[in-house]
Amino acid sequence: MAAIPSHNNLLTINHKNSITGSSSLNTNFSEINFPAKFRVATRALSRTDESSLSAVISRLERERRERQGLLIEEAEGAGELWMTAEDIRRRDKKTEEERRLRDTWRKIQGEDDWAGLMDPMDPILRSELIRYGEMAQACYDAFDFDPASKYCGTSRFTRLEFFDSLGMIDSGYEVARYLYATSNINLPNFFSKSRWSKVWSKNANWMGYVAVSDDETSRNRLGRRDIAIAWRGTVTKLEWIADLKDYLKPVTENKIRCPDPAVKVESGFLDLYTDKDTTCKFARFSAREQILTEVKRLVEEHGDDDDSDLSITVTGHSLGGALAILSAYDIAEMRLNRSKKGKVIPVTVLTYGGPRVGNVRFRERMEELGVKVMRVVNVHDVVPKSPGLFLNESRPHALMKIAEGLPWCYSHVGEELALDHQNSPFLKPSVDVSTAHNLEAMLHLLDGYHGKGERFVLSSGRDHALVNKASDFLKEHLQIPPFWRQDANKGMVRNSEGRWIQAERLRFEDHHSPDIHHHLSQLRLDHPC
């Protein structure tokens, strides 16, 4: 408590910066000899004049905040709010971007293949790429990778609390269902398994989620209702690339309807998407069946709303990017992006560090169906260069036409946004292949990208410390510890007896919709087109 004399008055300032009188006060004007940064002129008041004293205290508090660079804002229903000039600038910028997004969302979703939006970089497109990238990152942040956990391979959070548990309280989306896949013999290094003898499932892994934007977000931020599908990929281990058979097979071999048997996809991706294990309650439906039934249900619910349009956005990183492309193709091929009244719902794919998925004919079929794909890549990342190291879209068109029947002739789909981590002053210029593949780093690169040859300048205030959440990518002088994200007590909690245990996590009602059989029967997936 600091005592400050002023003539016959003694005012005290406590640790909360409030001011109280501790002696009689006269009615003369006086100067309080604070240090320069605290100096104010005030009027001594009668100790019985509590309302006047309160007014002085409020004025002093207001002046203190103004000296700190805080500005007052009137908030409807919330009184006065104090914000820095930078806070107000960012708020106004966000408000303007949301207005623009409502007006231009079809272009941002790729209606014109993002013509004129990538160089220079459109700020709305950048914000949306970061936002959907964070939805893909949420799959990593929620996933239990720990083999010492009996819940290894699951989401650490329930469906209804998913975004709130991750601190994404302003996401504006609600998770409609979780996605699971069965362990695939072709990709053994992709799945995480517990070392416990008794586990939640021996063959399944949590793969992501389907979410839908809420009413307020749809109306005030997005300009439409959005169905978002996020696929989990791989955080650091890239051994799954070596597992790829580098073998293309027709999608029709896995009962995906397609009028052209020449449309082919890498066999490992295709099997992961369509395989199921009828003995496991989490994977008794394939990932494909889970996706298609949920999209069908949501389109039936929202597809013909009179007051809003509808979009479908699929996102994923790494192998999750491959599954995002494959599932978006399937949705369009099954014509699930059509409402009951025949309205066409745009389907957009946003991938980050994703591999090639299919052959040239697969790419052409995606274009025929109108599926828009944007691929964000780090030019130093090896994953987007696989599979199809030798025969791919970079070869002459004539050569690709000759070789397109070969089972190892691949082609990327859609538009590519190429970023370079060596342009960021925050990141180490030389790193290993898994670090160059890091999703948080790609979101950081997006935040600073303004166009080819433009200086790297962060634009949104997104914290660069997130890059080191699961990597050692930031330069040492920034003093951000590597791999800093960890769960409190590794998920252990105390029970009523005072013992430390792993909290019960799985609730079956979070996983499979009760009407999945109804929608499956209507889809008739086992019947040829």
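Each Cβ is built from the backbone N, Cα and C atoms, and glycine gets one as well.
Not measured: the values here are computed from a predicted model.
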Quiz prompt | Per Swiss-Prot record, range annotated motif 'GXSXG' [choices 76-80, 276-280, 286-290, 316-320] | solution = 316-320
Practice problem: Give the residue counts of the motif 'GXSXG' (316-320) per reduced DSSP state, in the order helix, strand, coil. | Solution: 2 helix, 2 strand, 1 coil
Quiz item: Across all chains shown, how many C-beta atoms besides its own are within 10 angstroms of the C-beta of H437 (active site, charge relay system)?
Solution: 28
Self-check item: Surrounding residues of the motif 'GXSXG' (316-320) on its own chain - C-beta under 8 Å, 6+ positions past either end
Solution: 133, 136-137, 139-140, 187, 190, 207-208, 230-234, 240, 269, 351-355, 383, 437, 439, 442
Self-check item: Cα-Cα distance linking H437 (active site, charge relay system) and S318 (active site, acyl-ester intermediate), given in Å to the nearest integer
Solution: 8
Quiz prompt | Reported mean pLDDT - the motif 'GXSXG' (316-320) | solution = 96
